[in-house]
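Residues or ranges marked as active site, nucleophile in TrEMBL: D:Cys19. The feature [4Fe-4S] cluster binding site is assigned by TrEMBL to D:Cys258, D:Cys404, D:Cys461, D:Cys464. Feature annotation from TrEMBL assigns Mg(2+) binding site to D:Ser305, D:Asp367, D:Asp368. The domain 'Glutamine amidotransferase type-2' feature in TrEMBL is assigned to D:19-242.
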4 protein chains.
Amino acid sequence: MTQMPPAHPFDDDALHEECGVFGVGGVADAANFVALGLHALQHRGQEAGGIVSHDAEHGFNSARRFGYVRDNFTKQSLMDTLPGPLAIGHVRYSTSGSKGNTQIRDVQPFFGEFSAGGAAIAHNGNIVNANALRRELIERGSIFQSNSDSECIIHLMARSLQRRVPERMQDALRRVEGAFSIVAMTRTKLIGVRDPLGVRPLVLGRLGEGWVLSSETCALDIIGAEFVREVEPGEMVIVENDVLTSHRPFAPRKPRFCVFEHVYFSRPDSILGGRSVYETRRQIGVELAREAPVEADLVCPVPDSGTPAAIGFSQESGIPYAMGIIRNQYMGRTFIEPTEQIRNMGVRLKLNVNRALIRGKRVVLVDDSVVRGTTSIKIREMILDAGAAEVHFRIASPPTAWPCFYGVDTPDRDKLLAASMSEAEMRDHLGVDSLRFISLDGLYRAVGEAGGRDAESPQYCDACFSGDYPIEPSDRIEQGFELKTAAE
Amino acid sequence: MTQMPPAHPFDDDALHEECGVFGVGGVADAANFVALGLHALQHRGQEAGGIVSHDAEHGFNSARRFGYVRDNFTKQSLMDTLPGPLAIGHVRYSTSGSKGNTQIRDVQPFFGEFSAGGAAIAHNGNIVNANALRRELIERGSIFQSNSDSECIIHLMARSLQRRVPERMQDALRRVEGAFSIVAMTRTKLIGVRDPLGVRPLVLGRLGEGWVLSSETCALDIIGAEFVREVEPGEMVIVENDVLTSHRPFAPRKPRFCVFEHVYFSRPDSILGGRSVYETRRQIGVELAREAPVEADLVCPVPDSGTPAAIGFSQESGIPYAMGIIRNQYMGRTFIEPTEQIRNMGVRLKLNVNRALIRGKRVVLVDDSVVRGTTSIKIREMILDAGAAEVHFRIASPPTAWPCFYGVDTPDRDKLLAASMSEAEMRDHLGVDSLRFISLDGLYRAVGEAGGRDAESPQYCDACFSGDYPIEPSDRIEQGFELKTAAE
Amino acid sequence: MTQMPPAHPFDDDALHEECGVFGVGGVADAANFVALGLHALQHRGQEAGGIVSHDAEHGFNSARRFGYVRDNFTKQSLMDTLPGPLAIGHVRYSTSGSKGNTQIRDVQPFFGEFSAGGAAIAHNGNIVNANALRRELIERGSIFQSNSDSECIIHLMARSLQRRVPERMQDALRRVEGAFSIVAMTRTKLIGVRDPLGVRPLVLGRLGEGWVLSSETCALDIIGAEFVREVEPGEMVIVENDVLTSHRPFAPRKPRFCVFEHVYFSRPDSILGGRSVYETRRQIGVELAREAPVEADLVCPVPDSGTPAAIGFSQESGIPYAMGIIRNQYMGRTFIEPTEQIRNMGVRLKLNVNRALIRGKRVVLVDDSVVRGTTSIKIREMILDAGAAEVHFRIASPPTAWPCFYGVDTPDRDKLLAASMSEAEMRDHLGVDSLRFISLDGLYRAVGEAGGRDAESPQYCDACFSGDYPIEPSDRIEQGFELKTAAE
Amino acid sequence: MTQMPPAHPFDDDALHEECGVFGVGGVADAANFVALGLHALQHRGQEAGGIVSHDAEHGFNSARRFGYVRDNFTKQSLMDTLPGPLAIGHVRYSTSGSKGNTQIRDVQPFFGEFSAGGAAIAHNGNIVNANALRRELIERGSIFQSNSDSECIIHLMARSLQRRVPERMQDALRRVEGAFSIVAMTRTKLIGVRDPLGVRPLVLGRLGEGWVLSSETCALDIIGAEFVREVEPGEMVIVENDVLTSHRPFAPRKPRFCVFEHVYFSRPDSILGGRSVYETRRQIGVELAREAPVEADLVCPVPDSGTPAAIGFSQESGIPYAMGIIRNQYMGRTFIEPTEQIRNMGVRLKLNVNRALIRGKRVVLVDDSVVRGTTSIKIREMILDAGAAEVHFRIASPPTAWPCFYGVDTPDRDKLLAASMSEAEMRDHLGVDSLRFISLDGLYRAVGEAGGRDAESPQYCDACFSGDYPIEPSDRIEQGFELKTAAE
């Protein structure tokens, strides 16, 4: 089995968006644009990527590779095998089903040949009843190629009694519970769908006469496409012959977009829900400075994701902003067959303290989140080794106390520091002079909800902070996961 | 011939430090530490790297590879071939002699077997009389393995009538004109040398009982070594059996350290000449804001090298600092067999404008230097496309009007924008609302010379700005290069 | 798509066995023995190979690779991923469905997860109603992973209403028309099946307490297994806990073993139907010398497959045997990205005439078969260029006038020289002094049928010579293939 | 260090020709022809190969690779880097200096830049005073790139006071003691030289207007070149502008061509000294049958090198020739990271006994030589396991009792079975019913010396059989090797 090389020793102390999707229809050599789009979405999934294209002469063609988009899908010889005006692509981190053990057959897009013709789909999100669906499908004779939950969708489509692919997809998605933003294609159609809650993002762009679907707007920019609008929660868009039609296959529900996309997953140069992600993060820093002020000499981001909030914190507090921690630009994600020493280096391979700057200073470190806390401890050690007088952590998200079941790779609940410790206990555990998280209301204010979180009917999915799951995670409950009780 | 993959389309619009050197003596598995040190020095040379080690059982062993240190010298199977307590290493960009056409045999360290035993050397810098030396050596029967100028040194050593390697090296270096910081080794000795002017950096560190030589202090940090002091201009240090001795083989001269190391080449977390590189760069921004103020809404760095100066500019001017340009973290340096589209993408593969932030704003862009100006034009286009109201460039170095012959890869003089245009002409050429470079005196103030540049006897090598070459570039003059005339 | 490298320019002038299968049960590290068995069966399929193993701890594991067994399945790191006491494997040439365009997903064994547990199968042969089955299965919602006809079997198994895998396999195989020798496995069982006519070979061996299934006996020899008997036509054997049981799921029919296995496909050191393949081939040479004598100076084989018949011809005729054509031992099967010159070299890359030996001689060349005749022409040219006085071709099989639909890769009928030319016309076309094929009766005598071929009820499948197809090739007939008419 | 993969477990029981050389001048894209020639000479060196070419635009270009010629030098992308009308190449087994530890820098041709221009040389043979020369050259300041003895030649050339390359080469070769056939080139000349004894072969061919130099004639055949004549012992030929001139730089001596080239090293389709190698070997079998007759049922070759002698033995003795041992065609030379099982398989991976043929038979096995005897023992075991009644070994060369110092890789003397055992002792050691080697006189008769060996002044170099070394192996004597004493 071709297996994924081992991840970084310190990689397990962050949350990972599992996927990015991108599709282009009605443009010559569509796969080239998909490759660029996926490159811009690489932060959503660094493990592997795939592209499927279609042209009249060669039919469907597919390439799936481990590694970065730029190392695979920039080569002429590979891209020549992906001709045609219609193409979709996918980058992935890893599925919930097979962490650290992905095989190439798990890499999307998935393709199926139906009696009505073939279709390929790329899925961002997670199906919470996938185990049950898989059991049922195997019982009825379906053979799964992969360990990916997303493959259920294509089998449900294959078994639909509808004749046309869009109707088959609607049939299939009505059986599926969970969060999904899907980009799909038939021989002639580009299709985009978003689940009724709209948990994961999906945007629509225009490239000349053609159309583009993308997880984020930053990937429209790289190919020079114009941002048109978001695909709406519960909407299915179908592009055929340069004409876009909109469909509503699901019962309407109040949207619950993932608030963590604003905090961490999306790129700062993307626009989500009409707001600049960068500006939202800077505003989180402003809110943090108001909620949790501190006397200090420097505000330093933990690179790179803490930077916008650190800028905001500095601007609101008046404490000078400085690059106290320098990131090595030449770090990739993984090592093949690393030496013992490399295995033990951890975060020092990636970050170094700016010793001359830090010595004797009271330092505010702004980070995006605390997951297991292991990286935070190493950073605190490095900062104190360099002679800092005080270390104050300010975290640009509320405590992450619950796992995500909607497409983000989270540790089990017992590995989450915030699941078992109070803020004060975490401060002592991390060994810092102070530790403060932004409040849930502060976060909602930063994303533009001036009145904060509507506790009765929250405006976002914030299950990872609140334990309030808008879609019941049925497979996990079957496996023993316990929902938050009224008492908690 | 194994050839280097083609460089980025936009790579030719920057200056490149050609090399970083690192050596460790008196520590078990020294090569592992060298690998980490080279990883921390990767910014000084991304094309290729090599390590030579020695132990009593296996003698000298060597590995040289194209590509990043982290992709080669982290593997157990490779590092197992480099045993022993003594090792040196080198990362390189490319030699002046063979741009874009490097072969593995050009990758250092170079090794030679002498009648007195073998020696390996790694060289940072450039020999300005290499062509003449090479001609002479070939005439006398030496056979060159590489196209590298540095190989002259090892042939001169081989032909020395001295018996011991350090004396052979002194013999050789007295014939050599140019800038050099050298790390070398014999079976039992670790040797460091710096040319009399001390143009290129070299520092000394302690790791337990062992000793470390490194181009920069940031590479001491990664292995936990303690910074002891700089190797002094004109000094040769020899470490044997954990004892360091200092020698002065050259006639003393007033040092002329490269001022561009402060501006751009060195990492911001290194300490040069007792000063934090980050702090120097921030101070350049402060000086720039004083010298060339402007009314604007935002100060944005051109990532990543413009960041510290942008922070300083913002702090001095009071104009808010913002990340107006976002860098894609997943860009490497090169593409193998790229598609036409990739070839044409240029800077957009690496940078994207934060459109929501920039729209309608007057933006100060702070960049480290202007070489050809091609990247600056593309960035200005991207910023204006995103709707900026005004674009003001502030450059953290004086106009680069002269090529460097001391170990930095510079275009020929006629390709340097500042060689043929005034600041005002460059402003028009780049199409920006204003363009200002820091003055040479301002730069000197930022590096700590309160009185500015001493025109009679400059404190630094600033030939790239001033045309004042402290070492006559004899090979180039022979090839037709014209020194600055009194009239200029 | 990972695609197969291009075949040899001259590869299209030979018939290719499409597959070899091998399975081991009840032996520690079974996959290692499978690897050796596949190496011994490499002549039956050089394009790709795969192994599936099972052990209690890791479940099913699989590795599939392009290239020779010896280049992939000899590595410790790969074999470590295939633990357990039960393993099956497959080598393949290419499927009828996708000549020259195989993808890794087409490489067997195929694996399917059923409600009753998983199973893997490796198939040698061809399903003549695969298109119809595939259409039906897709219509009912099955999703095919590959272009291989063999995949139908696993989908039919998945849809069977039987609970246990052997019964599911019987269900599936009763729907299948064609020739098949199958080696399969569940978590605990090793299964072998042969179609009712027994067209393709399959033998049973014993290795200590364990059991072995193999396409040929030569692969038992390499692992030191004892040859027990052939799996009989129409028999299914099941090994579980070291106990073998025999089953008869099909209606009995008179066997029709492939006579070409004796002539060409099987290795000379294998035993087929109780006869040494080498001895049969030598006997073909004897028969040829009787049927088609000629006055000549030397009998030379076309290496390597013509060798045994040439020895027999020499012994019967008294004409000295000699190596007139020398084979280059360092030829592999394929070239990646070959130069124009390599593409045009053809057979000269592989064969060279022993010029000093051939000059002025009357030469009998013994070859195994004539397919398109293109190689024969090149060999005749080489022999005459070397100065031979006369060239007489003697062919160790009857004229190949009909394609095989039972697991051998044959050109379309209009490409077969013998389909449109008489023996005399072929002689003129090839430009040789004489050309004679062994008669069909002579061939039958050589394989031990003293009375020759029983025209009413032939003892073997000889469709490629006679056009008498024992199983109607229904897919091909649907595609326009015309069976032999009574008049032909 | 890039190291050679480990050799076969059974590879150490054969003698290996260390090199083949090939050169082409005056033909467009000469390197393509060199690649084909090296492919035909692959049997002379399978470890690595290299080609140097020259054209006016690009100067000298070079590619050196581990592995087979066909896997490297058939690719368009590599061959495109080797343009021009002049090219030379080399295949190698390994140098005497670095068995099993070759690095790419040891792979020839070697290139040197002289004051008179550059030259590349490829060397077949061995320099017996290389250690002494190397010491002297290093003492005088030469730096060696490789561990290869052949590199001395290029350093001696570099230090020559002559101006032109051919004269420099003559200067150098007059200092060299040993056996050499050299193909070299300058920018405009193709040069061939053979040592005064002519120990190693070198032939001259014509390809259109151009000229070809090759170790053997079989490599002329593959490119369609016409065999002109052998380069004579002590001759230097220089081709420039399609004109060949002949020079005699050495004092004339009576030639001593290597007799083992006839027995084993050269390909059977080559012509050596005006005789077909195949015919010579067949004649050895005839002589053997006369010298050492035996009653038996079958004569079988040990494939493949024993085949011609076995044919001769059969023809002379009247015992039928048969393929009793079958060779697996898919064996390469080496395994990378082999499993324990593969390591232990030995000869069974390559050879299998034709059991049905051998059972109960008295078998004469004809092999080319016995070196250590380890393979012979394994073959005897396989044959007896298969049920042979008797096993008689007949060896087509005299006992190999002395190492070769002239370019053949031989074990040290104490590893050679014949160095310490009589024929009868060897028979008992190998456990066979009889063992006979051809006599030295019989061998001489087979190569055409009707009167056998001239003991006073032998016609060939037969040091490996006789201990009579025509060139004193001075380095080895210095290392302790003892020449045959008068008493032996």
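Each Cβ is built from the backbone N, Cα and C atoms, and glycine gets one as well.
In this structure the C-alpha atoms belonging to D:Asp367 (Mg(2+) binding site) and D:Cys464 ([4Fe-4S] cluster binding site) are separated by 17 Å.
Between the alpha carbons (Cα) of D:Cys404 ([4Fe-4S] cluster binding site) and D:Cys19 (active site, nucleophile) lies a span of roughly 14 Å.
Note: D:Cys258 ([4Fe-4S] cluster binding site) has non-local neighbours D:Ala179, D:Val199, D:Arg200, D:Pro201, D:Phe265, D:Tyr406, D:Val408, D:Tyr460, D:Cys461, i.e. same-chain residues 6+ apart with C-beta under 8 A of its own C-beta.
Sorted by the number of other CB atoms within 10 A, the recorded positions D:Cys19, D:Cys404, D:Cys461, D:Cys464 start with D:Cys404, the lowest. Listed in chain order, the residues near the [4Fe-4S] cluster site other than D:Cys258, D:Cys404, D:Cys461, D:Cys464 are D:Val199, D:Val259, D:Phe260, D:Tyr406, D:Val408, D:Asp462, D:Ala463, each with its Cβ within 8 Å of the site Cβ centroid.
Note: the Mg(2+) site is recorded as D:Ser305, D:Asp367, D:Asp368; in the same chain, D:Tyr264, D:Pro301, D:Val302, D:Gly306, D:Ala309, D:Val366, D:Ser369, D:Ile395, D:Ala396 also have Cβ atoms within 8 Å of that site's Cβ centroid. Each of the binding-site residues D:Ser305, D:Asp368 was ranked by the number of other C-beta atoms within 10 Å, and first place falls to D:Asp368.
Between D:Cys19 (active site, nucleophile) and D:Cys464 ([4Fe-4S] cluster binding site), the C-alpha separation comes to 18 Å.
The distance from the Cα of D:Ser305 (Mg(2+) binding site) to the Cα of D:Cys464 ([4Fe-4S] cluster binding site) comes to 18 Å. A distance of 14 Å separates the Cα atom of D:Cys464 ([4Fe-4S] cluster binding site) from that of D:Asp368 (Mg(2+) binding site).
When pLDDT values are averaged over the domain 'Glutamine amidotransferase type-2' (D:19-242), the model yields 93. Around the Cβ of D:Asp367 (Mg(2+) binding site), a 10 Å sphere holds 20 further Cβ atoms from the protein chains shown.
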